[in-house]
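These notes concern the structure reproduced below.
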Amino acid sequence: MIGIALVAAALSTVVNAWGDQTINWKNTTGTSSETFPTDVGVLGDAAIGQSPFNAQYDRFSSDKVELVYAIDMRHKPKNADQDQATTDDIYKNLGTYTPWRPADGLFPETEAHRMMPEHCEVKQVHILHRNGATYPEDAPNEGLPKLMKKLVKGIRDNQIHPKNELSFLNNWDYKLGQALLVHQGAQELFDSGVKHYYDYAKLLTDHKKPVVRTTSHSSMLDSARYWTLGFFGWDAPDKVNLEVLLDADRQNNTLEPAKACENAYKHSKGDDLVSEWQNVYLQDARHRLQRSLDGYSLSVSDVSQFMSLCAYETVGFGFSNFCHLFTKEEWEGFQYQSDLQQQGNEGFMSPTAKARGLGWVQEFLRRVTKKPFKGPVASKNMTIDNNETYFPLNQPVYADFTRDSVITNILTAFGFTQFAKPLKGNKLDSSRTFRSNKVVPFASRIVFEILDCHKGEGKGEYVRVKVNDAVLPLGHDQGCKESKDGLCQLNDFVQHLESCVDTYDFDGACCNNEA
């Protein structure tokens with residue numbers, strides 16, 4: 001585990017620049033006198049939260065010790081004994097807010113083939129990584145903080161009266177910060193860096209200072225810093241070039257492509273599906289909790305925010321009294337809600353998802369084939385991408401840091417139809433493969449391994465894709481021959497991907513008002 005002083009020192013770098021949206025064009029990547037500036041501004045709106053004090057306030061009594069993370073994940077759902085529920089029924093069903101774990105069970109057909117085939121050797125790896133756990137991004141007068149501060153004020157003014165299972169609200173306050181990487185997120189990224197060091201460090205034996213890319217958003221920047229700390233050690237700044245791309249409106253950036261796509265969120269299919277689903281799965285919880293709250297009329301959206309608080313308080317403070325308010329079935333419903341939002345707004349059900357993910361796919365093809373870029377500019381910054389100082393083509397290890405929505409965009413643009421099944425908002429689809437807790441949890445990572453294989457007729461270059469350590473079963477929809485080990489001949493994969501890219505209409509999807 002990372003030392004507290006080390007974590008505090010690193011996280012403090014963002015504390016002095018909350019809400020900094022200023023762009024100093026003389027100090028950005030590509031314009032600064034420093035080749036790889038890291039303090040480029042545009043950190044995004046952020047605020048620090050209350051410091052945890054679990055030794056004093058965590059009243060959970062149990063003979064089960066938390067072994068995975070420092071945060072307390074020992075709560076069980078409501079009616080746990082009756083429903084034969086475990087702690088996993090909460091903490092593995094938090095959707096995109098789920099603390100990272102390997103994606104066990106995501107692709108059962110390839111689980112026996114996670115080990116590298118004996119006749120193959122890794123020659124290059126491309127890592128697409130999400131930020132670690134954060135505070136909620138909602139501003140103080142929006143969403144979750146707005147609701148909870150309204151409740152707190154009503155309780156203090158003696159107008160709202162919690163009782164029974166909500167009685168803890170009488171002594172509760174909303175103390176979460178905004179958007180910053182929390183210590184749980186720092187641990188997730190540090191641990192990931194260590195894991196990837198053990199997996200791939202030998203590839204960098206004869207390579208000096210690889211470029212690692214991230215965005216200027218504070219949680220993304222700090223995530224990249226912690227990952228490099230885990231991979232390269234305390235002197236990481238001397239061993240890696242950290243490239244910070246601006247997360248600003250109308251700035252091309254493949255790690256934040258929505259800023260280059262005007263229509264990105266004009267279509268909110270996911271939000272509509274979520275509203276429909278909340279009215280299905282949260283009615284019982286709303287009626288139950290309403291009996292414990294006089295003076296305020298709860299909506300299903302309010303109840304969903306309570307469930308979000310379980311996730312955010314757990315990673316922000318170390319535990320939450322909101323977690324045990326809900327049943328196993330309700331937590332499964334919360335997970336499905338997250339899946340609907342991701343698929344509808346960021347995935348195969350969104351009309352702009354492929355266009356938003358296109359730029360990174362083009363960059364992947366350029367890195368793998370060394371061929372010039374083809375197709376639309378999309379979200380690429382061509383000034384940066386045509387400069388091999390900032391976009392090198394000879395690295396054995398690439399690592400890019402972005403957010404969950406962008407990873408879903410990119411998986412969609414790759415045409416990974418394993419995640420393409422349409423979802424409905426009136427009934428939980430238990431057969432779905434896209435599960436956001438396993439595909440884009442906090443600190444998720446998609447890894448593309450380029451392999452040299454030397455056996456029989458299959459001799460040559462191959463690609464293998466891992467989604468949080470689960471091997472993606474590449475198949476016909478990716479131009480590949482079916483293979484039990486998930487391997488695909490690289491040339492087949494690339495040719496098919498290039499043909500797909502040729503069909504993507506970025507301008508039509510992102511810039512056409514009638515799209």
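Cβ from N, Cα, C; glycine included.
TrEMBL entries are annotated by machine, without manual review.
As written in TrEMBL, here are the features:
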type	residues	note
SIGNAL	1-17	signal peptide
DISULFID	Cys120-Cys453	disulfide bond
DISULFID	Cys310-Cys323	disulfide bond
DISULFID	Cys480-Cys488	disulfide bond
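Annotation for Cys488 (disulfide bond): spatial neighbours Tyr462, Val463, Arg464, Leu474, Gln478, Gly479, Cys480, Lys481, criterion Cβ-Cβ under 8 Å with sequence separation of six or more. Cβ neighbour count for Cys310 (disulfide bond): 23 (other Cβ atoms within 10 Å of its Cβ, all protein chains included).
Within 10 Å of the C-beta atom of Cys323 (disulfide bond) sit 26 other C-beta atoms, taking all shown protein chains into account. Of all Cβ atoms in the shown protein chains, 19 besides its own fall within 10 Å of the Cβ of Cys120 (disulfide bond).
In the structure as shown, the Cβ atom of Cys480 (disulfide bond) sits within 10 Å of 20 other Cβ atoms. Around Cys453 (disulfide bond), the C-beta neighbours below 8 angstroms that are at least 6 residues distant in the chain are Pro117, His119, Cys120, Glu121, Lys459, Gly460, Glu461, Tyr462, Leu487.
According to DSSP, Cys453 (disulfide bond) sits within a strand segment. The DSSP secondary structure for Cys323 (disulfide bond) is helix.
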